[in-house]
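Novice: Per TrEMBL, the features are:
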- K131: active site, proton donor (ACT_SITE)
- K95, Q116, K119, G170, S383: substrate binding site (BINDING)
- T215, N246: NAD(+) binding site (BINDING)
- D171: site 'Important for catalysis' (SITE)
Amino acid sequence: MKDSKDTLEALRAEIERRNPAQPEFHQAVREVLETLAPVFAARPEYADPAVALVERLTEPERQIVFRVPWQDDRGRVHVNRGFRVEFNSALGPYKGGLRFHPSVDIGVVKFLGFEQIFKNALTGLGIGGGKGGSDFDPRGRSDAEVMRFCQSFMTELHRHIGEHTDVPAGDIGVGGREIGYLFGQYRRITNRWEAGVLTGKGAGWGGSAIRPQATGYGSVLFAAEMLKVRGESLDGLSAVVSGSGNVALYTIEKLQQLGANPLTCSDSHGYVVDDKGIDLALLKQVKEVERGRVSEYAQRRGTSARYVQGGRVWDVPADVAFPSATQNELDGQDARTLIASGVKAVSEGANMPTTPQAVRLLQQAGVAFGPGKAANAGGVAVSALEMSQNAARIAWSAERVEEELARIMGAIHAVAYETAERYGAPGDYVTGANIAGFERVADAMLAQGVI
Ligand code: GLU
């Protein structure tokens, strides 16, 4: 055990040296390697230096960086940077979203792509890991500007993707509107009606029912599974939810369907706490229709809601917490606040929203903690179901997709739970999810030779 720990530590140091100035990627790799020592001890074939498995797993198969020039409504030309990191295709075509946000750089895309490998493996649906995006900021841009940006982005990206090669989807800043523009340009350039090249498409042209809801719904279903093990349910519990994008909205929706009371939402400027519980119809109007700020929700909601500028949403006491905005949004201090207010479970709807220190504190305090690789895998799982429907040229009913989603989330919970038990870390879903995902990818890589 000591030996494999030392080996992993040396590998981690080497990965950080070779990939300077990529703190999010280092964090994601460290978090996985830290939990792999027991599996290396039990399965020495994974640790055999002669096959360099971890070195291969942490080096993307391909990294594409490109210029994205586009013209704004006044005729001015802007230049953004586009990325696609095709990380690992041992289990299937690269699969993962595109993020359009000013914070996007190669290190952020690599962290997201690395996480995606294990998340996608956990779904059991035959998808590899990839991620992409741009430092383009869609906020405040007109539809026409977003369209021109997406067309320019796809003009380069189209040569790297395909239904059997690499299948992008949405992430922060990329929703149904952007996927529509991207798909249109792909179709025009390639002269192919290749539905399976992108997921998150519109319902009438190859999109799957429940895809917009899937990440948020799945994160709540994962929390329900964690509570069930402890003999509890979401019914009657209060919830704190961060974010106000697609994941947060449908986290709130599923919580309400299961009898819980979500009290909050947030954006980069502040948060809203609504004593009566979030009015989802109003929040959807503000966010999905008007593309506005959560402060506008508070202004229109009346006396039950107040807006706290620049505050921490985790200060609102609740029974369960759903970080659903972005990476590192819940730190050690926030974890202490949540623990002091008696939180029972935390389920990560976003990717890596909880800092390593916060994860440790929550786990030490006995809080059920669902890591994003497991808890937010519902989105990409339904993307894989969208690919299946596209391949068969059929569309499943919403009921069927939702049933599948519930089954998949149950299976992910079960494999993470059982794997944690098997490796002597009962109740530790971080260890369970990392090892279960790793084993599937590692076995496929070993079987497929030195690639
Ligand atoms: N961006 C989502 C994620 O982080 C979904 C990716 C997809 O559907 O391919 O998993």
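Every residue, even glycine, has its Cβ placed from backbone N, Cα and C.
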Novice: State the Cα to Cα distance, in Å, between K119 (substrate binding site) and T215 (NAD(+) binding site), rounded to an integer.
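Specialist: Per the Cα atoms, K119 (substrate binding site) and T215 (NAD(+) binding site) stand 12 Å apart.
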Novice: From the recorded positions K131, D171, T215, N246, pick the residue whose C-alpha lies nearest to the C-alpha of Q116 (substrate binding site).
Specialist: K131
Novice: How many whole Å apart are the CA atoms of K131 (active site, proton donor) and K95 (substrate binding site)?
Specialist: 7
Novice: Are any of the recorded positions K95, K131, N246 near ligand 1, with a Cβ under 6 Å from it, and if so which?
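Specialist: Result: K95.
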Novice: Checking the spread of the substrate site as listed (K95, Q116, K119, G170, S383): what is the longest Cα-Cα distance, in whole Å?
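Specialist: Binding-site diameter by Cα atoms for substrate: 16 Å.
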Novice: Distance check, please: Cα of S383 (substrate binding site) against Cα of T215 (NAD(+) binding site), rounded to an integer number of angstrom.
Specialist: 10
Novice: Return the residue, from the listed recorded positions K95, K119, K131, with the maximum count of other C-beta atoms within 10 angstroms of its C-beta.
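Specialist: The residue with the most neighbouring Cβ atoms within 10 Å is K131.
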Novice: At the level of the C-alpha atoms, what whole-angstrom distance separates N246 (NAD(+) binding site) and D171 (site 'Important for catalysis')?
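Specialist: Counting only the Cα atoms, the answer is 9 Å.
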Novice: To the nearest whole angstrom, state the Cα distance for the pair K95 (substrate binding site) and D171 (site 'Important for catalysis').
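Specialist: The Cα atom of K95 (substrate binding site) is 12 Å away from the Cα atom of D171 (site 'Important for catalysis').
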Novice: Near T215 (NAD(+) binding site), how many other Cβ atoms are within 10 Å of its Cβ?
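Specialist: Around the Cβ of T215 (NAD(+) binding site), 30 other Cβ atoms lie within 10 Å.
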Novice: Centre the Cβ atoms of K95, Q116, K119, G170, S383, go out 8 Å, and tell me which other residues of that chain have a Cβ in range of the substrate site.
Specialist: G96, G97, N120, I127, G129, K131, A169, T199, G379, V380
Novice: Hey, how far is D171 (site 'Important for catalysis') from T215 (NAD(+) binding site), Cα to Cα, in Å?
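Specialist: Just about 11 Å between their Cα atoms.
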Novice: If I restrict to non-local contacts, at least six residues apart, and a C-beta distance under 8 angstroms, what lies near G170 (substrate binding site) in its own chain?
Specialist: G97, L98, G176, E178, I179, G200, N246
Novice: With every protein chain in view, how many other Cβ atoms are within 10 Å of the Cβ of S383 (substrate binding site)?
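Specialist: Around the Cβ of S383 (substrate binding site), 27 other Cβ atoms lie within 10 Å.
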Novice: How would DSSP class D171 (site 'Important for catalysis') in three states?
Specialist: strand
